[in-house]
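Visitor: Once you've had a glance at the structure underneath, I'll fire off some questions.
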């Protein structure tokens with residue numbers, strides 16, 4: 001094992017050269033490690049996306065069937081009016097059948113369904129407190145209910161938008177970070193059947209409301225029932241991140257006028273017909289790849305002429321697509337750096353061998369085996385490699401993080417650009433995800449706003465691509481490093497194998 | 001100990017040979033000097049005898065065996081020690097480490113014996129401090145002594161030196177030549193030295209002159225004192 005000692009003596013005696021070699025190797029290893037970290041982080045992100053981003057199924061009224069029915073009614077009326085010219089035809093209205101909670105419960109029992117969230121939207125009038133008034137130009141708009149899911153402006157809407165949910169934590173507006181509970185607590189399944197509400201900070205400030213206070217809400221007057229007043233208890237106050245009214249159209253209420261409550265109380269405000277119904281129910285599918293089979297099974301449990309069940313795994317697909325581009329980029333980095341590193345190290349080794357030809361000549365003259373001379377160079381580079389890997393491991397986290405941020409940002413930009421067209425066409429940018437998920441009874445459900453928000457959330461999750469150095473990464477880096485120095489030594493060894501001691505020591 | 005049989009060497013043209021059909025015998029316990037003008041092939045001859053090159057024709061026998069048959073590398077490792085004009089020490093090692101490395105590579109009987117290596121260096125006039133410092137910090141004479149000590153510590157019965165006094169002053173040259181004679185006479189080694197130094201060559205037991213492609217004895221070797 002004398003060659004090991006020689007390798008050590010040489011490294012120690014030529015400290016400056018050894019340090020330079022360590023720095024060059026560390027730089028190569030650093031980029032290889034950064035590539036490995038990126039690739040592993042991207043793979044982890046895709047795996048996490050499967051569980052955390054998830055896919056959803058939305059059970060709601062079948063709009064297509066409702067429109068078809070309306071068109072049929074219109075055709076019937078036009079035929080009747082042709083035969084009887086004295087009667088004035090009345091324009092048929094679009095009738096949506098609310099989702100039955102019993103149907104939702106059946107679907108929830110399917111394997112693959114992780115959880116579900118009921119969404120009911122309606123509106124009510126404030127009683128004894130002031131709503132946030134929004135001034136746009138010369139007009140002052142009041143009331144209007146939810147924006148995202150509304151088909152249009154209605155004169156008989158209340159000034160407060162009521163968003164009924166199973167729990168605030170499960171509602172997209174809270175899970176994607178648009179709304180955050182700042183005081184008190186959010187709504188949970190325990191609040192179903194109660195009159196507990198969560199109000200927005202601005203509304204609370206304007207009316208000096210605090211957790212524990214009560215306010216009065218008046219249901220809208222309908223043909224069948226008179227307006228009724230309800231006293232509700234504030235259990236929490238939330239802060240809406242996007243409270244801008246800039247994008248709101250005519251008839252839209254300020255997002256601060258949205259009050260979250262349990263879906264049961266929202267149904268109470270809607271009227272007795274709405275009992276045990278929902279505008280939509282969102283089911284979270286535990287494994288996004290199984291969303292199609294779960295959707296198929298769910299369709300068998302519902303009346304598809306009245307209800308539709310739509311899948312949405314766009315978040316998962318978006319994360320998967322952008323992570324695939326990160327993985328591909330990371331792969332390229334690993335390969336390019338490994339190839340470039342091998343070439344650089346091979347050149348260094350060749351130069352090193354040329355520089356040390358006299359030493360090699362003496363060793364050969366003493367009768368040293370060529371294999372052992374090559375082994376000495378390998379040992380020297382191995383020590384250099386191990387130190388370089390240590391340095392690379394220390395700096396790899398930082399470089400991996402920085403590179404990851406850049407790569408993810410560029411992947412996000414391209415993926416979002418590709419995806420945005422579809423979402424904006426579908427639902428526009430709803431101020432609140434939940435408002436988009438459900439609409440007041442009889443109005444068109446609009447999921448696209450909520451989906452856009454969910455995708456934003458998914459992208460945010462992805463932006464936090466975590467690059468962590470594990471023993472596996474260091475092991476893989478060592479294997480790659482060993483392969484690089486083996487190739488470099490093999491390239492340089494040709495010089496040693498060809499070297500004639502006579503030419504080196506005597507001939508010259 | 002070492003014989004050449006019809007030894008011939010040329011570079012590119014067979015007719016333009018350096019020497020042809022040489023038959024020589026080198027015995028143990030005798031120091032030989034090979035002298036001659038530049039370009040006559042002294043260095044080529046000694047590199048062939050040291051197993052650093054292969055003859056174009058003929059063969060070299062060590063104790064009756066063709067050195068190429070067992071491998072030149074093996075021959076150099078076990079049977080020959082070479083001393084160069086430029087010392088050719090490992091410059092990243094101390095004098096002591098140079099000796100220890102040679103002991104290890106040649107698998108000598110004193111492999112790993114630091115005391116033995118230190119004794120040898122001490123015998124050649126190096127202090128303990130000098131032994132442990134990098135060889136580049138030693139003078140030319142001291143470095144040549146280290147190179148000779150390296151040849152002495154190994155068990156190789158054949159010592160080949162190419163212009164060992166070429167870089168030394170007269171006093172150091174005399175000392176070095178005396179050391180080579182000691183190697184032959186005290187340790188029973190066969191010492192072959194190529195030199196330009198006529199006075200130094202005269203101190204050897206036998207002198208060969210290479211001139212006009214002919215090798216002639218300028219000073220005949222004595223009857224071998226030791227039988228190999």
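Placement of Cβ uses the backbone N, Cα and C atoms for every residue, glycine included.
Remember, TrEMBL labels are computer predictions, not curated facts.
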Visitor: Would you mind telling me which of A:376-415, A:416-455 TrEMBL tags as region 'Disordered'?
Guide: A:416-455
Visitor: Can you identify, from A:43-70, A:71-98, A:99-126, the stretch that TrEMBL calls region 'Disordered'?
Guide: A:71-98
Visitor: For the annotation transmembrane segment in TrEMBL, which listed range does it cover: A:306-329, A:474-497?
Guide: A:474-497
Visitor: Hey, which bits of the same chain come close to the transmembrane segment (A:373-394), Cβ under 8 Å, at least six residues off its ends?
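Guide: Non-local partners: 3-4, 6-8, 10-11, 18, 21-23, 25-26, 28-30, 32-33, 345, 349, 352-353, 360, 363-364, 469, 474, 477-478, 481-482, 485-486, 488-489, 492-493, 496.
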Visitor: State the non-local partners of the transmembrane segment (A:333-353) in its own chain: residues 6+ outside its ends, Cβ under 8 Å from one of its Cβ atoms.
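Guide: Long-range Cβ neighbours of the transmembrane segment (A:333-353): 21, 24-25, 28-29, 31-32, 34-36, 38-39, 360, 377, 381, 403, 480, 483-485, 487-489, 491-493, 495-496.
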Visitor: Please list the DSSP helix, strand and coil residue counts for the domain 'ABC3 transporter permease C-terminal' (A:333-408).
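Guide: Its residues divide into 71 helix, 0 strand, 5 coil.
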